[in-house]
Amino acid sequence: MRPGNHHLSLGLLLLLPLLPECLGAEGRLAHKLFRDLFANYTSALRPVADTDQALNVTLEVTLSQIIDMDERDQVLTLYLWIRQEWTDAYLRWDPDAYGGLDAIRIPSSLVWRPDIVLYNKVDAQAAASASTNVVLRHDGAVRWDAPAITRSSCRVDVSAFPFDAQRCGLTFGSWTHGGHQLDVRPRGAAASLADFVENVEWRVLGMPARRRVLTYGCCSEPYPDVTFTLLLRRRAAAYVCNLLLPCVLISLLAPLAFHLPADSGEKVSLGVTVLLALTVFQLLLAESMPPAESVPLIGKYYMATMTLVTFSTALTILIMNLHYCGPSARPVPAWARALLLGRLARGLCVRERGEPCGQSRPPELSPSPQPPDPGAGPLAGPCPEPRCLCRQEALLRHVATIASAVHSHRAAQRRHEDWKRLARVMDRFFLGIFFSMALVMSLLVLVQAL
C-alpha cells in the first residue's frame, strides 16, 4: 500500500466516529427550527403581514398523460403535476442561526395552502388534497408539488370527425378568496410538456396559459383565474384505414354497374350488393362515432355515397327496360335518334361491331313492301285455260306477302337493336357521370387527411 493511501484511510477511520454526531446535530437543528416556526403558527389564516395586501400565488402545470377523452359525455381525464408557489410571512428564519439550514420539507397539512380548485371539474365527490410535502425556504417561499387526476368538462365538436381538432380548457382559481386577497398568475406562457406520454389517438399541439379577471353575479370583487387550453388533434390514420378507405373503394365500384353487360343479369345485383355493404359500414361508423348535433364529415360522405349508389341502381333499372324493349316497341324518336344515337354516341365512342370510333351508323329506313298492281290482270276467279297467267300472278302474290313479312320482321329487329344501342349509350354516359362524382367526393374527403 502506498503511504498516501495509508494516511487517507487512517483519516477516514478517525472521522467515522464524528459522522453520527454531525448528522445528529443537523437533525437536532431541524427539530429546533420546526418547533420555533410552528410554536405560534396557525394554518387557518392567510400568511400576510398586512391583511389588506394580496397574496401572490404562482401556478405551474405539467401535462403528464391524457387518460381518456369521452366524446359521448364530453369529459376529459388528465394526469397533471401541479406546482403552487407563494410566500408565507410567518415562516422565515436566519440560516446562520440554525447551522446554515436554508430549506426544510414538511407535510403540506401543517402550513396554509391556497384553496385553488379546478372550476370546470365534473367529479361528483370533492377532490381530496394530495398528501405531499412542501418545500419551505428560509425567506418564507413555499413550493407545493402535487400530482392530480382531473376530470373536466370539454365541449367536443365532431363536425370534422375523424379529422377534427379540439380545444379543452382547464380553469384554476381560488374558490373563496377574491382578487384583493389572493392573486393567481401562471408561470410561463404555457404548461410544460417535457414529461408528456404520447397518446395513441390524440396529438397535443400545445397548452397555452391565459390569466383572466372576472366578476361574478354573486360577489362584487373580481376573481382572477388561470385557464390552460389544451389543443388536441385526432390521429385519423386508424379511421381512414378501417372506415374511410373501404367506403372509397366501394363507392368507386358502384358506377361499374353501368359498364357491366345487360345480358349478364348482374347489373342490378351489383348495385344492391354495394348498397348493402355501405349499410354495414354505416352501422360500424355509428358505433364508433360520438353523438352530436351536427353530422360529422365522414357521416356526410357515407350518406352522399349511399344516395349516389341508390340513384345509380334506379337508373340501371330504367336502362335495363330500354335494353329489353321487344320488337313490338315503338321506333326510337327522331330527336333521340339524332341526339343520342348520333352526336352522343360519336362523342362516347359507342359503335357497332366493326364500326370505327367517332362514326355512327346512319339511320336506316325500312322499305315498305309493294303490293301487286291490281290493274295487271284478274287476281281471282277460276281460269278457263290450263296455262293461264292467273296462276303465275297468284304465286307472285304469295311471294309478295312473304317478302312483306320478312321486311316487317327486319324492321322490328332494327327497332330492337336501336333500343339496345340507346341503352349502351346511356350506360356509357352515366358511367362517366357517376364515376366522376364518386371520384371527386372521395378526393375531397381524402384531402382532409393530408
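Just so you know, glycine gets a Cβ as well, placed from its N, Cα and C.
Per TrEMBL, the feature compositional bias 'Pro residues' maps to 364-378. Per TrEMBL, the feature domain 'Neurotransmitter-gated ion-channel ligand-binding' maps to 31-235. Annotated domain 'Neurotransmitter-gated ion-channel transmembrane' per TrEMBL: 243-444, in sequence order. The region 'Disordered' annotation in TrEMBL covers 355-378. Per TrEMBL, the feature signal peptide maps to 1-24. As annotated by TrEMBL, transmembrane segment applies to 236-258, 270-289, 301-320, 429-449.
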Query = What parts of the chain pack near the transmembrane segment (236-258), using Cβ distances under 8 Å and only residues at least 6 beyond its ends?
reply = 161-163, 267-268, 270-271, 274, 277-278, 281, 284-285, 288, 298, 301-302, 305, 308-309, 312-313, 315-316, 319, 427-428, 430-431, 434-435, 438-439, 441-442, 445-446, 449
Request  = Can you check how the pLDDT averages out over the domain 'Neurotransmitter-gated ion-channel ligand-binding' (31-235)?
outcome  = 91
Task = For the transmembrane segment (429-449), find every same-chain residue at least 6 residues outside the stretch whose CB is under 8 Å from a CB in it, and list them.
result = 160, 163, 236, 240, 244, 248, 251-252, 254-256, 258-259, 297-298, 301, 304-305, 308, 311-312, 315, 319, 344, 348
